[in-house]
Every structure is written in structure tokens, then in C-alpha cells.
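> This is the structure I have questions about; it appears just below.
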Amino acid sequence: MSDEGDAVQVAVRMRIFNNREKDAAAERIIRMTREEKGSKTFIKNPETGDEKEFRFDYSFNSHADDPAVGPYASQDTVFEDLGRPVMEMALEGRNICLFAYGQTGAGKSFSMLGKTDVPELQGIIPRTCREIFKKIDETKDNPLIQSSVSIQVVEVYCEQINDLLAPRSSWPPGGFKPRLTKDGYTCDTVVKPCMNFNDIEHAFKFADRNRSVGSHALNPESSRAHTIYTIKYERKTRASEKATQAEVVTSRINLVDLAGSERIQDSGVKGQALVEAMNINKSLSTLRRVIDVLIDNSTKSKKHQSLPPFRDSTLTHVLSDSLGGNSKTMMVATVSPHEVNLETTMGTLRYALKAKAIVCSAKVNEEKSAAMVDAMKDEILALQAKLRSGGGGKGQPSVEIQKEIEMREAEVQKLEKEQEEMQTRLEEAEQLKAEAEEKMKEAEEKKAELDLSLAQQKRERFAAAFRNAFIIRTEKNKQDASKVELEALQRDNAELKRNNDFLETELSGARTGLEELQRTTDEQIAEFVANMAQRDQLVTQLKRQVANQTEEANYLRNQNEALLGKLQGLESAKLDLERRVQRIQEELLATSATVEREKAEKQRLQQTLEDRVKEMNAEVDNLRKRKDKYKQQFMEAQAKMAAHKTIVDHMNGDRKAYLATLQAQQQVVAEQSQTAARLVNDKRDSESKLQSMEKRIEMQQAEQQHLTEALREYQAASAEWMYENHAVSRELERVSRSYNDIRGLSAEPS
């Protein structure tokens, strides 16, 4: 890989739905595609259905194994595309920085660390370390190659650095301070040498227990600090077993698990969690500003470039060399596929797209001069051995060998001299560095003092401004109150002036009255002397009246108590009457319902009676017609009998047969008479039923009239009670007035 500047490589990873999103019937708004070069990430606006396209180096779909979503990416896929290049560049001797960015709960820690207890779910960090140790094991049996690995884990919590490989009790109150070295900024925290992967895995677990983790509405296991895993790799290669110097290749891998950005109104954090969220957002905002400046500098010459604000945040201060120095930088942005996170996901994708524009230059860290000197010395020894043996063995003259030895020795002396000069310069640089660090420390102390002084001045200015604002507001309120009081005083003054004029007029009248009063005073004094005697008599009379009125007051008090008792009785009578009225009303309602039913029954019976009467009248008419018919037949029979009698008288026929015929006719007439009598009885029964029904109707009407009269009596009784209650109230008022008058009269003589 060349040492030329390379752009930051950016990958985007989409996680699965969490339980909260599943409960909310989530809709996925992201899909991904793989291209011949790079990849694309599409995000859809659920309201309009429009898709926006973003191009990145890698797009990892870890949401669902569905071609419509994109090629599925497991932990293995993520490591092969991101972790393995990190490992290979580290073995070459280049500094690497891989950091995970995204909103809280988007899957950053899972991508970086994963589940360390489950091998197939391990993240980029443990897999990279495992592969580094595999490469070291391949050269383990080579005595000319020595490799070493160490790890350092820190977290940036509320702008202070904590050592996650040390017990919390050993942490300094203000955290560890970063210091500048040839490899960038570092801290004097625990650096643990690791002989194998088990050692580094143990360090991971210890650091994970020390991490600052909390919970809120968006994530039950939210990182409350930025965690930085620094893995240092060193490989020494000697040219031979006798060589005292070696070629040294070093690299530093910064694996950064950034805390998630969060919206405070959505996460609902309070207290210390709110302070943590504010510091997290502050450091991420500073990181964003650093990226903006680095992008702007990439388009300018060195003369016109701006200084990135690395020192505005502890996080960017520590990562300054990884962002803008000798380091290859890679970024994995984790996003949520849920539609409710549309705005936050868009912000993450835009942030990642901006990071792609940063250009970093990663050089190979190796030291070859010492190895070259050892190799030349070995060549000189070999040439001297040839010279002692009498030649080069291939016809090479001893003079040439001697010249080559002298040339090599001159080169060795030159290299040694250069090494001494470099060592001297290095010592001077170390001394200058120490002095610079001392000056830097003093400058930082002065800066801290200035910051403290500035903060104190700001607080004092704010307090003074607050006091001045309070005083100004108080004075303004006082002025407003004084203005109102002045207007009131002016109105009162005008009123007093009018009253004064009126009083002067009254005073002139009073003077005239006073003169008149002076004249009448003498007369009144004489009358007063006469009245004093009368007053003594009146006082005696009044005392007697007071005694009488006291007795009357006692009587009235007793009468008042009696009236109160009567009033209570009336109140109870009122309650009884109300209950009685309610009962009567209920009875009236029931009676009204009964009357309605009786009316309906009466109408039905009357209709039935009318129908029956009509039927009876029709039957009577039929009976009358039949009676008239039978009467006509009877008269005809009598005529026939008379005719027969005449015939009998004139004829000497069979008398017995005639008599039998006559008896039969008489029997028919008797049956017709019985039928007529039965019809008359039926009519009489119908008339009697009609009369009884009319009597029942009259009784119901009488009962309804009785209920109406009872209602009238109740209304009259209610009016009478109200009148009596009003009369009693008036009587009580009269008694109270009399009692008060008596008390006033009894108090007046005293």
C-alpha cells in the first residue's frame, strides 16, 4: 500500500428491529445494494414515498436475509470487509483508526465488540486481535523475528479520561491527562502486554465490566462514554543471529466505540444521565466540526489551512493523530431501519458522507538504519576473512578486496556518524520535547487558570447583569407604581380642591349659622336647665320602662324559642307534607295510569255496548216483526176459527178432528208467546248490564274527581304552609327587631 493520502473509508450497517420497534408495528425505510465499486444505501420518506440515495464504500444489511433489503451481512462479512484490512495494515506497520458512529441503540457496540462469549457473534475488535495472534504464531519458531502486542483501554466520560484496565478506586478525581508522544497523544494508563489471545480477551472482559453504562427510554444498555481500545503491535526482525540491531515495525490500532448521539426530549434522561448526554453530544458536535475543518483543508494549500478544534473536546484531543495525522481511518455508521428514526438516520448518513471527504496519510513505521549497519559489518567481516584466506576464491585480487573493505568501513563509519548525529538530535529532540511538554503543561495550567478566571468573571458578570436587570426591573416597577400613585394624587388633589371650594362655601354658611346658633344657645341653655330636671324624671321612668322591656324581652325570647320550636315543627311538617305530596304524586301518577286504562276500558266497553245495543235493537226489531207476523197469524187464525165455528154451526161434520186441529194451532201460538217473553227478558238483562257498566264508569269518574280534589287540597295545604312559614318568618323578624330595639333602649341610659 502506498504512503500517499487516502480518503476515509466509510461503511453503513443496518441492524434488526428491537422489541420497542416490533411492538410499534415498525415499517422498514432502508434498503441496500452492492455495486461493482462501492455500494448504495437508499432511505425512503414514509410520508411521500421518495427515496434518497447515498454512496458508501460498504453497505451491510444485518436486518433481514431478504434480497429486497439487500445482501445479508453477518459478523463474518463485516470482519472480512473491515477488520481484515485493519489487521493487514497493522502488520505492515501502519497506524489504523476504526470508529463506530450512530445514534444510541443503533448497534455500534455489537459491531465493535459483539458477544465475546459466542465466537460466531464476536465483533471486529476481538476478531482482529485473534487474527493478529494467528499471524504471530506463524513466525513463532523463527528466532530472527520477535513480535509483541499490548492493549490499552480508556473511556472519555464527561470530558475526563478513565482507565478501564485499572480498578475504579485508583482513578484520579479529574481523570488522566493526555500527553504528546512521537505516536500522537496518549495517557499514562495501564498498558497490558498480551502473550496470546486469552490475555487480550481477559482485558476485554475486565474493561467491559468497568464501562459506564446506563439505561433510558431509547436503549436499556446505553454507553454513557466513548471507549477507545488501543492495540500496539511491534515486530523486530534481525538480519542474522549475530546481528545486534534489528528492523523495527510498529503500529497502533485505535478501535473507537463512540457513545450514541441522543435527543434528550426522546430519551427522557434527567440528573446525572442528562449531564452525560450533554457531554456526549458536545464531544460528537466537536468531532463533526473537526471533520468539517479537515474537509475544508483538503481543498486548500498548507499555507491557507485552518487549525482543527481538536482541543475543544477530550475525545478529539486524544484522536487528533488518527483524524488528521499519520493514520489510516475507517468508519462504520450504524443506523436503525425504523420509520420513527427517519430524521436521526438521515443525520447519521449525512455525517458519514461528510467523513468520506477526509484524506489521511498513513506511513509505514519502521527503523532500518541499525539493521543496515549490522549487515555492512557482517559483510566487512566476511571480506576480511576472504582477505586472510588469500583471495576471493574466484580470482578476485586482494587489493580490490582491501579497497572494498575500506569502502565498506568508510560507509560504516559514515553510518555510525550519522547514527551518532541522529542520536544526538534525538536526545536534543527528546530534551526539546520534554521542555515543550513542560511548557505545554505550564501553558495548560495557565490556560486552566485563565479558563477558571474567565469562568469566574463570566459568573460575576452574569451575576452583576442579573442583579442590574433585577434592580432595573425593580426600579421600573417602582417608577410605574410611582407614576400610578402620582396620577392618583393628582386626581385626589383636584378632588380636594373641589372639596375645599365646597367647604369654603359651607364655611360661610356655617359662620352665618354659628351666629344664629350663638343667639339660640343662651335660650337652649335655659331650656337645658329646665330639661335636666325633666330628664331626671324621664330617667326614672326609663329605668322602669327598661325593667318592663327586659321582662318583655324575656317573654319575647321565650316566645322566640317557642316560635323556633314551632318552626322546627313546621319544618318537619313541611318534610311530611313533601313526603305526602311525593306519595300523592306517585298515587296520582298511578291513578292517572289507572284512569287512562279505565278510559280505554270504558271506551272499549262502550263500543261493545253500542255494538250489543245495535244487535239487541236489531233482534228487537226482528222480534217485533215476528210478533206482528205472529199477531197477524193469530188474528188470521181467530178469523179462521170464527169461520170454522160458523162452518161448524152450519155443518154437521167431524167435531173431534176440528178440535184437534184447533189445539195444535193454540200450542203454536203459546210457543210463539214464550219466545217473545224470552226475547223481552234478554233485552231486560242487556239493559241491566248497561246500567251496571254506566255505574262503574260513574264510580271511576267520582274516584278521579276525588283524586283531583285531593290534589287541590294538597296545593291549598302547600300554599297555606308557605303562607304560615312566611308569617312565622315575618314574626321572627319582628321579634328580632323588637328584641334589638329593647337591647338598644336598655343600653342607652347607661
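The backbone N, Cα and C atoms fix where each Cβ goes, glycine too.
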> In TrEMBL, which of the ranges 46-87, 214-255, 298-339, 676-717 has the coiled coil annotation?
676-717
> Return the average pLDDT for the coiled coil (398-640) as a whole number.
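Mean pLDDT across the coiled coil (398-640) comes out at 70.
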> Within 10 Å of the Cβ of Gly105 (ATP binding site), how many other Cβ atoms are there?
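Here the count is 24.
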> Looking at Cβ-Cβ distances, which residues of the chain lie under 8 angstroms from Ser109 (ATP binding site) while being 6 or more apart from it?
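Sequence-distant Cβ neighbours: Ala100, Gly123, Ser223, Asp257.
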> Restricting to the same chain and to sequence separations of six or more, state which residues have a Cβ under 8 Å from that of Lys108 (ATP binding site).
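Looking at Cβ-Cβ distances below 8 Å from Lys108 (ATP binding site), excluding near sequence neighbours, one finds Ala100, Tyr101, Gly102, Ser223, Asp257, Leu258, Gly260, Val332, Thr334.
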